[in-house]
Structure formats: structure tokens, C-alpha cells
Amino acid sequence: MDVVSLLILSLAVAWASGINLYATLLLLGLLQTYDIIVLPAGLQILSDPVVIGVVMTLYFVEFFADKIPGVDTAWDVLQTFVRIPAGALLAAGIVGDLSAPTELAMLLTGGALATSSHLSKAGSRLMINTSPEPFSNSLASITEDLLVIAGLWLALTQPWIFIVLLVGFVLLTIWLLPRLFRAIKTFIATLRGVFQPASTTVASPRLLTRDESISDADK
């Protein structure tokens, strides 16, 4: 791969990791195994059969967890601490054979991209979970998996088309951010309502005044 293709693939992997890290790792490992791409030396371990087996297991765990309302949101919360740093490290690892400044730049850019795609996914799931029927979750999950596959395929075969679509995705994410944050705030408020018992107001005792005491005595 030439330098530009490596940079675009690096961006694609970071973006895809924020949506579904294990699908991304599995695809990279299989592409390396079947000699469709040649990963940098630091990432060739992804084609190891043991690594592929572990990643495939985690992918299937996410595949089912991602389709259950409520469970998908809990899973996204846990994966916040995995997807974002992994996306940054993968983006840097792909350009690891280039210069150190390029590697650092892609580490930072990859982290930002993984964050944006992860927040978009997690926020959209919160909004979907307000729907009373469960099929929206399954449809969203399958769509996300297809997006990861299509995005990586475009980055490898039509990199400039991928870049145009990636810019559109970033702009859409910026536009959606206020709605996503409102969904997150609503979700947090709902959780507080579930776990906090309703407060009851108890009237505190009050000393009677002299006039009130005389009035009660007359009665």
C-alpha cells in the first residue's frame, strides 16, 4: 500500500472500531490471513488463529448483546473504555512503519474518530430504546455491522469515496451531538428515578403559641 492508502485505511479502522471493534479486528485478521491485505508488522498478530478465535467469540457476544434493549446500552457503556483506546492504537499501528510524527498524529486522529463513531452509536441506541418494540435494536445492530464491512471495503477499494463519506459522517455527528447528549441526559435521569426511592415529606413538630394554647383550652 502507498502512504495515502495506509492513512485512509487507518482512519477507516478507527471509525469502524468505534462502532464494532470486534468485527473490525476479525475482518482485519481474516483479510491478512487470506493475503488480501498486508498489515504492518505490529498488527500481523491479528491473523493468528488463537487471536481470531478469541475475537470471533467476543464478536458473537456483542452480536447478541447488541440486540437486546437495555443490554445494548449497558454493553456500550462498558465498551467505551475499550473501543476508543483500541481505535486510537489500531490507527497508529497501521501507520507504524511510517514516521513517528505520523504515528502520533494518527493516534490522536484515530482516537477522535473512534470517539465520534462510538458516541453516535451509543446515543442513537438510547434514542431507539425509547421505542416500545424490540425490532429497532436488531435492525440497528445489523445495519452497524454492515456499515463496518462496507466502510472497510470502501477504504481498501475506493479510498477517496470513503473519505467523502467519512467527512459526511463527521458533519452529521456534529449536527446530531445536541440530540445525542439530550438522550444521554434523559437516560441518566431515568436511571436516577429507578434507583432513587421517592422522597416523602414528614411534617416537623411545631410549638404552639400562647394564643393557640389558650384557644385549645377554651375548646
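Each Cβ is built from the backbone N, Cα and C atoms, and glycine gets one as well.
Feature annotations, courtesy of TrEMBL:
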{"type": "DOMAIN", "residues": "7-178", "note": "domain 'DUF4126'"}
{"type": "TRANSMEM", "residues": "6-30", "note": "transmembrane segment"}
{"type": "TRANSMEM", "residues": "37-61", "note": "transmembrane segment"}
{"type": "TRANSMEM", "residues": "81-114", "note": "transmembrane segment"}
{"type": "TRANSMEM", "residues": "160-177", "note": "transmembrane segment"}
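Cβ atoms under 8 Å from those of the transmembrane segment (81-114) belong to residues 3, 6-7, 9-11, 13-18, 21, 24-25, 28, 39-43, 170 of the same chain, restricted to positions at least 6 beyond its ends. Only residues 6 or more beyond the boundaries of the transmembrane segment (37-61), in the same chain, are considered here, and those with a CB under 8 A from a CB of the stretch are 1, 9, 20, 22-23, 25-26, 28-31, 90, 93-97, 156.
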